[in-house]
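Quick paste from TrEMBL:
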- C74: active site, proton donor/acceptor (ACT_SITE)
- C188: active site, proton donor/acceptor (ACT_SITE)
- D10, S11, Y42, G43, N75, T76, T189, H190: substrate binding site (BINDING)
Amino acid sequence: MDQRPVLFFDSGVGGLSVLGAARARLPQMPVVYVADSAGFPYGTKTEREIAARVPALLGRLAERYQPRLIVIACNTASTIALATVREALDLPVVGTVPAIKPAALLSQTRVIGVLGTDATVRQPYVDDLAARFAGDCTVLRHGSAELVALAEAKLHGAPTDPARYAAILDGLFGQKGGARIDTIVNACTHFPLVVDELAAAAPHPVRFVDGSAGIARRIAHLTEGQSWPDSPGEGRAVFTARDAGIDRLAPALAGFGLTRLDAL
Ligand code: DGL
């Protein structure tokens, strides 16, 4: 029986939105979830910092946990470092990039919002996705570090202020043409974790899309024919820095099958 896990990687809890979709599709999958809490947040870092940090860390993690596949469950890390990680590692690496293609297939008004981190929304990778898949759409972008912090707070069990979600969304709807947005890409894996709060704060009903279902399909495809243990065993969450907040995260992590918590 092949016991090797799938390793999910993010700066924090955002990758849980990707893990959730993957577990629903592959319930027997053993999981190691790594949050680079020592490097969090990624969205306010420079390209150079991300490009130096992520491939080196994933190299160490691959050696330590011997995964069958790595999922970079972070748009910031993927849009900056995916190609370098793939070159460096001798195993399949699935990235998470803004779901502009599905959004363009769904939008009626042809005005799409892309909500990501500051680092993600300025990437040429996003220009390229917009040009290739949404050429006839107006693609408006907004980067928010605050929304990442709100998602982290929610999963740590802290209340968050509904007014803040409205203020963040105004960064999209307040742009020229923004009133016609009917589809928003959650282009940061933290944001699906607060999608209900976002939907409640939107000035009119909009559809939110993200890449998690597509990533789950991709993992299933890349592992087709491989064996899985009868049960996934205890899911492991690994943090690159240990602080008191990790204990407050335990209930949320348990909801994703992650009951063993470790520091790297
Ligand atoms: N969850 C990450 C993403 O998808 C980044 C959050 C952060 O560390 O800023 O972009």
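Positions of Cβ are set from backbone N, Cα and C atoms, glycine also.
What TrEMBL says about a protein is an automatic prediction, not a curated fact.
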Near C188 (active site, proton donor/acceptor), which residues of its chain come within a Cβ-Cβ distance under 8 Å, counting only those 6 or more away in sequence?
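For C188 (active site, proton donor/acceptor), the qualifying residues are G14, G43, C74, N75, T76, L115, G116, T117, T120, L147, V148.
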Which number gives the other C-beta atoms within 10 angstroms of the C-beta of D10 (substrate binding site), all protein chains shown included?
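Taking all protein chains shown, D10 (substrate binding site) has 29 Cβ neighbours within 10 Å.
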What other residues of this chain sit with their CB within 8 A of the center of the CB atoms of D10, S11, Y42, G43, N75, T76, T189, H190, the recorded substrate site?
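Same chain, not in D10, S11, Y42, G43, N75, T76, T189, H190, Cβ within 8 Å: G12, G14, G15, P41, C74, A77, T117, T120, V148, C188.
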Which residues in the same chain, at least 6 apart in sequence, have a Cβ under 8 Å from the Cβ of S11 (substrate binding site)?
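Once residues fewer than 6 apart are set aside, S11 (substrate binding site) is near A35, D36, S37, G39, F40, P41, Y42, G43, C74, T76, A77.
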Below 8 Å Cβ to Cβ and six or more residues apart, same chain only. Which residues does that give for T189 (substrate binding site)?
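Sequence-distant Cβ neighbours: D10, G14, G15, L16, S17, V18, A73, C74, N75, T96, D210, S212.
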If you count other Cβ atoms within 10 Å of each one's Cβ, which of the recorded positions Y42, C74, N75, H190 has the most?
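Sorting the candidates by Cβ neighbours within 10 Å, the top entry is N75.
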What three-state secondary structure does DSSP assign to D10 (substrate binding site)?
strand
Pick the one among the binding-site residues G43, T76 whose Cβ has the fewest other Cβ atoms within 10 Å in this structure.
G43
